[in-house]
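The structure appears right after this line, and notes come after that.
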Amino acid sequence: MDAMEEELKCPVCGSLFKEPIILPCSHNVCLACARNIIVQTPEGETPPQNRCSSDYDYLDMDKMSMYSETDSGYGSYTPCLKSPNGVRVFPPALVHRHCSITCPLCHRSVSLEERGLRGFQRNRLLEAIVSRYQQSRAASVKCQLCDRNPVDATVMCEQCDVFYCAPCQQRCHPSRGPLAKHRLLPPAPAQAGTASARRQATCVDHEAENYSMYCVSCQTPVCYQCLEEGKHGKHDVKPLAAMWKQHKCQLSQALNGVSDKAKEAKEFLVQLKNLLQQIQENGVEFEACLVAQCDALIEALTRQRAKLLTKVTKEKESKLKTVKDQITHCTMKLRQTTGMMEFCLEVIKENDPSGFLQISDALIKRVLVSQEQWVRSALEPKVCPEFALTVNTDPLMQSILQLDFTQNKVPPAPLLQLEKCCMRNNSATLAWRITTVQALPVEGYVLELDDGNSGLYREVYVGKETICTVDGLHFNSSYNARVKAYNSAGVGAYSKVVVLKTSDVAWFTFDPTSAHRDIVLSNENQTVTCNSYDDRVVLGMAAFSKGVHYWELSVDRYDNHPDPAFGVARINTMKDMMLGKDDKAWAMYVDNNRSWFMHNNSHTNRAEGGITKGSTVGILLDLTKHTLTFFINKQQHGPVAFENLEGVFMPAVSLNRNVQVTLITGLEVPKSIM
């Protein structure tokens, strides 16, 4: 019963109801609280919703409770209180002729009658439930503050709504200071309240009379004396017991509906709790995956850095070796040149002309050769100090800064909405939706149907819409349908397969869109005639490629012995000539005496017997045997007209202005065929 505790608390004081009364708006308040929210209104003024000039602490309400509804009141000064629930309450005021009470829940005001609060019915049923609830809590209630091994509670604080044993009450809730005004109650309720609540209710107007009838118009129980006084004379009054049973039945039925919703809500809560766990687990897994991906990027960057550093080291070592080699070579050559120069100077110092001339030519040549060796290129470095290596990190840095989560999951399997799917004749309409709460981006859907024989699936629709109608299915066939969604990440899973059953027999009308302009259709495109004396063709809206199909045409008007033609045709047959004159139609044309079969302007199988007004012409298209047979007035007319029929065929008629026929479809196939 703990779940309904809020239903048992007064909206004014926030405690369990005590002597609850029923306001006209069907809400309940304690009788004492009702006295506190009475408002005195001047004569002729609408009862106020919330009149207040100052705020009082809720605890001060005890000081005001000494005033009753017969006290002198406070005149024009009407202070208000605030209950723990935040609801404004008013101290008791004078119950004059102009007093009102405002419901603290719906804020609906009602003027009090001369009897004051005694005019409101006491909710004895609610009293009994509160009493049972208090007994159920007191039966096993323990102290709520004991650390270990809670003992039985001895008191309950009405304001704190906490149960205490004696030691905990002395330690945690002493009756002094700000807690001195709290009301401590024993956990076990008095039995007198139960007995009072169980007493049979008496009439508010006639306290000596028990309720025996129920006024349906006023929606209130009444006694016999109320009926005798004529207060409910013209109202619909019924026995109290019968209405009690009826309302109990209505409440039970309503509870069944609420119970189903509550069951769904419980299942939904379980789903949400499981969702919390899944989110937590998926979050941890995703975080670990993200850290691993970032670590992999860092590791790859570290490896690439090592490779680049190796290249720099090799380039540096190559430059250093080249410079060192050049230094060694230049040093050696410079030493040789310096030695030669010093030797030449010593030779010049000698005063022996003949000796000088003996070696001067050779020395001059050596000096010139040495001078030629010191060309400009020999005195320039072979390498530059700068490194001809450049690393452009801007694209990588930009990619890192733009690194973010992208959609990389395919959408889930769509859910086929069976309540919106329907079959009509040989057309199927399917609707679907994405099932997830936060649906992944979907770029489109693919609807697939099999061939009607549990064969391979084929795509019949690709697009963004979530509803599609597929026309031209075979009659008397079962198709399996499924749908899948796709986005940039790929194609999602298929939905569950739904079985589509087309109509056993064909229901169709004439097609106004493909008919010749001289054709006149009426009766919802089921009746056809023509404005021209020449034959004009009209097709049916059904197309047949398999199965056995039978339809009839009733001759409504037949003047001057014309020869209308009946049969089947391709969709592109000629519309301005008799049916059967081209190679795209197979027909029987008939007058009042005889008939012929015609295809590609070839006339065959003349048969005696014609049509008149009121006759019926039947066409049997058997695509299992690939034949076409005709009937007049339910009897087969002539042999099988055409054989080896393959492809897609549409019902067809050609006629002129002297003939009017009505199409009859949805017929069973004739059983007797020659």
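From the backbone N, Cα and C atoms, a Cβ is placed for every residue, glycine too.
Nobody curates TrEMBL annotations by hand; they come from automatic prediction.
Look at TrEMBL and you will find 262-318 tagged as coiled coil. For the coiled coil (262-318), the model's average pLDDT works out to 92.
TrEMBL lists 10-55 with the feature domain 'RING-type'.
Here TrEMBL flags 138-187 (among others) as domain 'B box-type'. Residue counts for the domain 'B box-type' (138-187) under DSSP, helix first, then strand, then coil, are 13 helix, 10 strand, 27 coil.
Annotation comment: TrEMBL describes 198-240 (among others) as domain 'B box-type'.
The domain 'COS' annotation in TrEMBL covers 348-406.
Under the heading domain 'Fibronectin type-III', TrEMBL lists 411-505.
The feature domain 'B30.2/SPRY' is assigned by TrEMBL to 487-671.
With a threshold of 8 Å between CB atoms, the same-chain residues lying at least 6 positions outside the domain 'B box-type' (198-240) that come near it are 118-122, 124, 128.
Residue counts of the domain 'B box-type' (198-240) by helix, strand and coil are 7 helix, 11 strand, 25 coil (DSSP-based). Applying DSSP to the domain 'Fibronectin type-III' (411-505) sorts its residues as follows: 0 helix, 44 strand, 51 coil.
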